[in-house]
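J.: Structure provided below as structure tokens; questions to follow.
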Amino acid sequence: MVLSPADKSNVKAAWGKVGGHAGDYGAEALERMFLSFPTTKTYFPHFDLSHGSAQVKGHGKKVADALTNAVAHVDDMPNALSALSDLHAHKLRVDPVNFKLLSHCLLVTLAAHHPADFTPAVHASLDKFLASVSTVLTSKYR
């Protein structure tokens, strides 16, 4: 999915407002995903999935760091996320549908924390951005 200049601007501005809360938001989105889509828990059998778990917080930070990297390299996400794509496709073998589920939970989390900033245009831009990230992460499944 091609991001327009306006989309890129919206994504960078929205992610900039996340600031130091990125890891917390990542963990919150994971918790939402585990509660809303229980089948996603199967990829984390070794995790304590309870609220506030250090493992969920740690993985939430990894998710947030990957998204921060994608925002910083929005014009070259395939190269920026190549190692992560390899990991999810070849080692972890995560079903691609799970990226869509996590993307949805991230959008809900961002909207809950920044309702005034979560305009329809920003929502659409973030949705396109997360779809692009998902496409990159699943590109090596083929």
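The backbone N, Cα and C atoms fix where each Cβ goes, and this holds for glycine too.
Below are the features listed in Swiss-Prot for this protein:
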type    : residues : note
DOMAIN  : 2-142    : domain 'Globin'
MOD_RES : Lys8     : N6-succinyllysine
MOD_RES : Lys12    : N6-succinyllysine
MOD_RES : Lys17    : N6-succinyllysine
MOD_RES : Tyr25    : phosphotyrosine
MOD_RES : Ser36    : phosphoserine
MOD_RES : Ser50    : phosphoserine
BINDING : His59    : O2 binding site
BINDING : His88    : heme b binding site
MOD_RES : Ser103   : phosphoserine
MOD_RES : Ser125   : phosphoserine
MOD_RES : Ser132   : phosphoserine
MOD_RES : Thr135   : phosphothreonine
MOD_RES : Thr138   : phosphothreonine
MOD_RES : Ser139   : phosphoserine
J.: Can you tell me which of the modified residues Lys8, Lys17, Ser132, Ser139 is spatially closest to Ser36 (phosphoserine)? Compare CA atoms only.
T.: Ser132
J.: Report the DSSP secondary-structure composition of the domain 'Globin' (2-142) as helix, strand and coil residue counts.
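T.: Secondary-structure breakdown of the domain 'Globin' (2-142): 111 helix, 0 strand, 30 coil.
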J.: Within 10 Å of its Cβ, which one of these recorded positions (Lys8, Lys12, Lys17, His88) has the largest number of other Cβ atoms?
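T.: That would be His88, with the most Cβ atoms nearby.
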J.: Could you state the CA-to-CA distance between Ser125 (phosphoserine) and Lys12 (N6-succinyllysine) to the nearest Å?
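T.: On Cα coordinates alone, these residues lie 10 Å apart.
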J.: Fill in the CA-CA distance, Lys8 (N6-succinyllysine) to Thr138 (phosphothreonine), as an integer in Å.
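T.: Pair distance, Cα basis, whole Å: 21 Å.
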J.: Among Lys17, Tyr25, His59, His88, Ser132, these being the recorded positions, pick the one whose CA is nearest to that of Thr138 (phosphothreonine).
T.: His88
J.: Nearest to Lys12 (N6-succinyllysine) by Cα distance: which of the recorded positions Ser50, His88, Ser132, Thr135 is it?
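T.: That would be Ser132, nearest by Cα distance.
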